[in-house]
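Structure, as structure tokens:
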Amino acid sequence: MQFAFDSMLGLGLLACAAGVFWSRDLFRSVVMFIAFGLLLALTWVRLEAPDLALAEAAIGAGLTGVLLLDAIGHLRQHKEHSPRNHWLLPLLCCIALALLLILSLNARPEASISLPELVAESLPESGVEHPITAVLLNFRSYDTLLEIAVLLVAAVVAMALNDGLAATARTSAEQSSRDPVLAGFTSRLAPVILLIAVYVLWAGSYMPGGAFQGGAILAAGLVLLKLADFHIERYAESLLRLGLALGFLVFLAVATSVMIGGRPFLTYPEAFAGQFILFIEAVLTFSIGLILFSLFNQSPGQEVPHDN
Amino acid sequence: MSFWLPLLVLATSLVAALFIFTLPEERHALRGSFNLLAALVKIALVGWMIIAVANQQTFETRFTLIGDIDFVLRADALSLLFAGLSSLLWLFTTIYAMGYLEGTPQRSRFFGFFSLCVASTMGVSMAGNLFTFLIFFEMLTLSTYPLVVHKGTAEALRAGRTYLFYTIGGGVALLVGIASLHALVGHTEFIETGVLRDVSPDLYPALTAIFILLIAGLGVKAAIVPLHGWLPAAMVAPAPVSALLHAVAVVKAGAFGVVRVIYNVFGVEFSYQLGVLVPLAAVASFTIIWGSIQALRQSDIKKRLAFSTVSQVSYIILGLSLFGPIGTMGGLVHLLHQGIMKVTLFFCAGIFAETLGITRIRDLNGVGKRMPLTSAAFTIGAFGMIGIPPVAGFISKWYLGWGAMEAGLHWVLGVLLVSSLLNAAYFLPVIYRLWFARPAPEWPDEQIPAGRFETNPWLLIPTVITAAFSLGAGVFAAAAWSPLSWAELIAVREYLS
Amino acid sequence: MTTDFWFACIGAVLIAMALFTFIRHTHLLRRILAFNIMGSGVFLILVGLAQHQRQTDPVPQALVLTGIVVAVAATALALIIFRRFYQLSGRTELDEDQQ
Amino acid sequence: MIYLQYLLVGAGCLFFIVGTLGLLRFPDTFTRIHAITKADNLGLGLLMLGLLPSTQSVPQALKLVLIWLLVLAASATASYLIAHYVKAKSPDALPHAAETASEEQD
Amino acid sequence: MNLIPLLLVIPLAWALLSLLLPRLPLGLLALAGIVLQLGTAAMLWNDVQIHGASRYAIGDWVAPLGITLVADGLTVTLLAMTALIAVVCAFYAIFYLRAYEKERRYFWPLFWFLLAALNGIWLAGDLFNLYVGLELVTLAAVGMVTLSGERHALAAGLRYLYAALLGSLAYLLGVALLYGAYGTLDLGQLSSLLEANLITQLALALMTFGLLMKTAVFPLHSWLPPAHGGALAPVSAILSALVVKSSFYILARIWMDAGNALMPVSAAQLLGALGALAIIWGGWQAFRQSEIKMLVAYSTVAQLGYLMLLFPLAIGQSQQSAILAWQGTMLHLLSHGFAKAAMFLAVGTLVLAVGKKRVVDMAGISAKMPLALFAFGLASVSLMGLPPSGGFNAKWLLMQSAIQSGQWHWVAVLLAGSLITASYVFRVFSVSFQKDADPQIRPTHPALDLSALLLAAIAIALGFGAAIPVELLTLPEEML
């Protein structure tokens with residue numbers, strides 16, 4: 001029974017991917033892409049990776065889907081002319097790549113280190129029970145630090161591109177056109193979303209969840225508010241800028257202040273590791289939510305593209 | 001002190017170059033005085049080193065560049081011969097250039113590259129191993145290119161391009177030669193009697209190939225026939241540049257390189273054993289004859305002098321390839337004499353062009369009356385070239401002939417005879433026009449009136465001095481400090497040990 | 001034929017399909033989609049292969065989490081630059097890519 | 001007890017299939033939204049009921065109910081928005097509107 | 001207080017400062033920051049020279065679990081180079097950006113993030129950490145390329161982003177395969193575990209493809225010229241001198257640690273062939289360019305070909321020629337970094353003064369801008385590999401290695417490369433010496449010429465002082 005479900009899921013994934021690549025109309029591809037994201041979330045559950053399922057659903061399918069839909073909305077025509085004609089050569093090497101990959105997947109080199117045991121051993125000292133959060137925020141916290149930097153750079157570049165625009169073009173029309181049903185729904189849903197985000201963040205230390213998933217849910221809430229014409233980006237621009245960088249700032253501050261005590265970079269004091277991680281995660285969630293929202297919000301506005 | 005002196009000699013012109021580059025264009029007086037000061041300081045330093053080396057003292061700067069290769073500047077007898085020549089003539093060329101470039105734009109750039117060029121010549125002369133030699137050899141190319149294209153006209157740029165094409169190609173050949181020599185033998189030091197004496201015979205073919213590569217690389221600058229194309233084309237440069245290029249810097253650096261390769265890398269006995277000297281002599285002789293014939297056919301003064309240089313430099317290479325102390329002495333001393341005489345000839349050509357606007361030999365009729373001193377200097381230079389006694393040229397040709405006899409290469413005597421006749425053939429008509437022909441009604445483009453001096457004193461004085469020098473080198477050849485005795489000192493050291 | 005290995009193979013096929021589209025299509029949005037799906041394929045292989053060899057391993061899952069966030073940052077950036085480019089030029093392909 | 005769960009889950013799946021059939025068969029957007037929203041919500045409710053007994057703890061059960069409520073609210077708003085959008089885009093699409101318009105005329 | 005993390009913390013802290021406090025004099029702030037970083041790098045350099053390579057476990061977790069930073073001879077030299085080029089480019093940018101008010105706002109944060117990522121890559125010893133570092137470099141670099149917001153900059157940025165992302169994914173796939181097979185991500189441990197089986201070679205091939213894409217080596221280089229040619233001068237200087245080298249550094253590290261026994265010699269020869277094609281094709285394209293910045297950008301493509309010669313000369317050859325090749329390549333990486341940065345800064349000044357982009361517009365500027373042209377000249381001496389420059393020493397070492405391993409065809413490639421470089425460099429010179437052309441130029445700040453001259457002087461000084469960094473480079477073999 002398991003195998004049947006897995007094979008259906010796998011073939012479903014391939015079907016969705018085929019739909020994304022070979023459908024004529026771009027809008028249809030984006031919709032198929034979102035479906036692909038949801039199926040992928042299911043796959044992560046099958047691979048016993050609930051964290052990834054959460055992240056994939058929230059960030060992969062959800063947020064990326066919204067960004068794509070928003071982009072499609074601004075394109076005038078969705079049809080795109082025929083792709084390049086030389087297709088035989090790329091087809092052959094792609095098939096070769098696939099075969100090579102599959103062939104190599106079942107290789108079994110003898111000498112190999114088993115990391116999961118190492119993680120299990122040093123889990124108690126990491127200050128959290130959930131292994132993935134331990135890896136993310138303690139064992140390989142330097143990766144996470146750089147990753148937040150990547151997010152921040154993306155936001156900075158988005159801001160840089162937008163400052164170029166005339167400021168007027170970005171503020172959308174005044175709020176008269178707010179849709180009653182959507183407004184009602186959003187105003188009631190927003191607190192629930194916030195609650196869920198905080199819950200996911202809190203649960204991260206002992207079961208799947210954590211900063212990224214919480215941040216993504218928060219961002220989804222903010223996007224919903226923006227779509228329902230609750231003008232939240234009118235708050236002072238510098239506050240938004242501080243919010244974006246706050247998570248990274250706190251993480252870096254903690255990472256370096258620890259060094260003053262003589263410990264190596266990014267080593268949390270043994271006793272308070274859990275509290276440190278939770279504190280960092282809370283600020284990170286807030287910042288990731290804001291960054292992901294600003295990536296959606298900063299994208300260029302309604303100007304009609306002029307053909308020059 | 002022995003560590004710093006060679007560096008100091010190099011530094012004088014490097015510092016001068018950098019200072020002049022930053023000088024704004026209109027500060028002529030400051031630039032001129034700074035130039036002369038640098039030249040005088042350099043002559044003083046070189047003079048001091050000559051005296052010290054004469055009584056067995058040596059100067060050496062050495063520090064490691066990468067791995068087993070080090071940057072060596074050594075002032076031994078041979079290097080000071082060339083260093084002395086170039087520092088002396090740099091002083092006179094600077095004075096001449098200041099007069100010649102009066103009122104022309106971009107002089108800061110000219111004099112900057114001018115002193116950079118002499119700095120690299122100093123480096124070439126004092127290089128202690130092939131690697132350092134290559135560094136300054138390429139620096140010479142880079143610093144002379146802007147001088148060749150100084151005028152900025154389309155023709156100058158084209159000449160610059162050919163100049164670059166030849167010299168960088170030569171540089172590449174030289175680099176491959178040195179790299180493979182280094183890989184084969186392990187180091188490229190200049191040692192008095194050569195490095196390669198005790199090399200196993202199976203390396204001979206490789207070493208011959210390397211020898212050919214090195215000589216080809218150096219031959220471009222020494223203007224050996226197939227590789228001399230850039231020399232006549234570079235005539236489009238201003239007179240002091242052609243004087244500097246042909247008499248002092250570029251051409252002599254090539255010849256000096258050949259000396260180093262034959263005497264201090266391969267060792268003259270080993271090259272003889274390798275059997276490369278005779279073909280080299282043959283190529284040199286061919287260049288001598290071919291250069292003189294080409295000179296005969298030129299109607300422009302500077303073109304004729306250019307081809308005469310092509311043949312004269314090959315005299316030096318011919319002398320070097322005669323296996324025997326006398327022949328070597330002839331080659332070395334000709335290196336000096338040719339330098340001084342050729343500078344005088346080019347100075348005179350420059351003066352003719354500047355004052356009377358004469359560039360073609362046909363217009364030289366009766367210039368003797370109008371400009372007696374310059375014509376006299378030209379005549380002394382011409383006599384030297386032909387090899388007529390009191391002037392220095394005769395001495396070197398005499399020793400070359402003697403060396404050829406000693407080395408048993410009788411056909412070289414024939415070559416010397418024929419080339420002297422050819423020299424006479426292309427110089428005597430010019431001298432006849434200068435003194436005995438009737439002058440044309442008015443000069444093509446008289447810029448400087450015949451005031452107290454026949455032309456701008458800045459141009460005249462250096463020309464007369466160099467003419468006096470070439471005469472003096474001939475007459476006082478036997479004196480202790482004369483170029484001939486210095487060449488003898490070197491030859492003795494090369495052969496005895 | 002465990003589930004991990006099966007989904008790793010699916011990942012490999014996804015990568016091949018995405019690469020094929022990346023090469024053939026010049027529409028910038030289409031390429032962003034292809035890039036995302038290729039990313040998902042790589043993540044599938046990363047987790048699938050690791051867990052196929054040994055038991056469930058938190059480290060690749062953490063790496064994939066980081067990968068997903070990096071992918072969304074890169075996609076968002078690509079989208080923003082593309083839309084600015086589209087606004088200025090009205091074109092959906094880069095100039096040289098045309099046939 | 002387990003049989004009741006199978007029954008409920010089966011009924012839930014049945015409603016899902018009916019909803020999808022409706023999606024494929026119905027002529028225009030409005031009827032399709034109608035089919036999807038109604039059938040799926042009911043299907044999900046049955047599914048949720050079927051799974052309730054096998055939850056380990058009360059908070060987990062509450063979370064299941066919360067999921068169902070959220071889906072209900074979301075699909076309702078979504079279907080309203082889609083209908084609103086389609087009506088705004090092409091007013092003549094409404095079959096019902098066509099008859100009422102003709103009644104007013106005569 | 002160990003020095004290694006300082007090199008990561010300083011740039012990240014300054015990035016935040018320049019992002020959050022835009023009203024501060026960002027230029028001076030940047031200068032202070034980099035001088036601090038230069039000091040740290042110098043201290044670390046000294047420390048490694050005395051005690052040899054050192055490893056630093058982040059978060060106190062031992063290798064396979066945590067991430068270790070490795071500071072050996074090569075890393076420290078690259079750190080010093082990055083700091084040096086950054087301080088000069090920052091000094092240049094303060095005056096250069098006066099003419100570009102809009103870009104100034106976001107130049108500094110991106111500059112600092114780029115610097116942090118570069119330091120992270122030089123120091124990293126963990127494969128996935130290198131991936132995140134590469135991503136950070138890519139995004140920051142794309143941000144800087146698209147700063148001006150014009151159409152061609154955006155197109156160049158997009159092309160760069162797509163190529164870099166494809167490369168990163170290929171690299172990540174390689175890392176995934178390696179992790180799947182060996183269970184560890186630490187480079188040091190991996191190099192001892194690797195065996196020559198299908199999965200390892202496929203992983204290495206994929207990583208090589210990815211990194212070649214990001215280093216813009218011949219067939220995959222089409223994104224580099226518009227990106228480097230179109231960007232602001234200090235940006236293209238940093239991109240050409242440092243960013244392109246970071247992915248090559250990873251490639252060299254992986255191949256040297258793991259590749260020697262595993263990868264077949266034919267693969268190394270193929271990489272060498274790609275390098276040779278890059279030299280010839282890049283040089284020929286540079287010769288044909290009409291715009292001066294595009295000429296310099298294509299010259300980067302050509303000079304990167306030299307770096308690829310490391311593989312044929314080191315893999316499968318004698319230990320002696322491998323060390324020579326390694327020293328030659330890294331010295332070329334250093335001297336090309338300084339020379340290319342100097343050239344881009346000099347060209348930036350010329351374009352700013354003349355106002356036009358084409359090479360022919362530069363007619364007769366040797367009279368008006370002698371110092372900028374002199375810097376360009378010195379830089380081109382090093383690029384051409386003429387003595388007395390660092391480029392020449394690098395070419396010399398590579399030539400020695402080629403001769404000793406008997407591969408004379410690479411000697412021919414080296415020589416052809418320097419001839420082609422001479423051709424397109426002297427094209428600029430001959431134009432600048434034209435007499436009659438009299439360009440009207442806007443006055444530029446002398447600091448611009450000074451910084452270009454300083455970098456060029458360092459490239460030439462490498463010609464004389466190459467002994468110290470070169471024998472420091474050979475440390476990795478014995479230490480790790």
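Note: Cβ is positioned from N, Cα and C throughout, glycine not excepted.
TrEMBL labels come from automatic prediction, so no person has curated them.
As written in TrEMBL, here are the features:
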type     : residues  : note
TRANSMEM : A:6-23    : transmembrane segment
DOMAIN   : A:12-76   : domain 'MrpA C-terminal/MbhD'
TRANSMEM : A:30-47   : transmembrane segment
TRANSMEM : A:53-75   : transmembrane segment
TRANSMEM : A:87-107  : transmembrane segment
TRANSMEM : A:148-169 : transmembrane segment
TRANSMEM : A:181-204 : transmembrane segment
DOMAIN   : A:185-288 : domain 'Na+/H+ antiporter MnhB subunit-related protein'
TRANSMEM : A:210-227 : transmembrane segment
TRANSMEM : A:239-260 : transmembrane segment
TRANSMEM : A:272-296 : transmembrane segment
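Note on the transmembrane segment (A:272-296): residues 59, 63, 66-67, 70, 125-128, 133, 137-138, 148, 151-152, 154-155, 158-159, 197-198, 201-202, 204-205, 210-212, 214-219, 221-223, 226, 240, 243-248, 250-251, 254 of its chain, located 6 or more positions outside it, place their CB under 8 angstroms from a CB of the stretch. Against the transmembrane segment (A:6-23), stretch A:30-47 shows more Cβ pairs under 8 Å than any other of A:30-47, A:210-227, A:239-260. Mean model confidence for the domain 'Na+/H+ antiporter MnhB subunit-related protein' (A:185-288) is a pLDDT of 85. Each of A:53-75, A:87-107, A:210-227 was scored by its Cβ pairs under 8 Å to the transmembrane segment (A:181-204), and the highest score goes to A:210-227.
Remote same-chain residues near the transmembrane segment (A:210-227) are listed as 51, 54-55, 58-59, 62-63, 66, 130, 132-133, 136-137, 182, 186, 189-190, 193-194, 196-198, 200-201, 204, 233, 280-282, 284-293, 296-297 (criterion: CB distance under 8 Å, separation of at least six residues from the stretch ends).
Here the domain 'Na+/H+ antiporter MnhB subunit-related protein' (A:185-288) has, by DSSP, the following mix of helix, strand and coil residues: 79 helix, 0 strand, 25 coil. The domain 'MrpA C-terminal/MbhD' (A:12-76): residue composition by secondary structure is 57 helix, 0 strand, 8 coil, according to DSSP.
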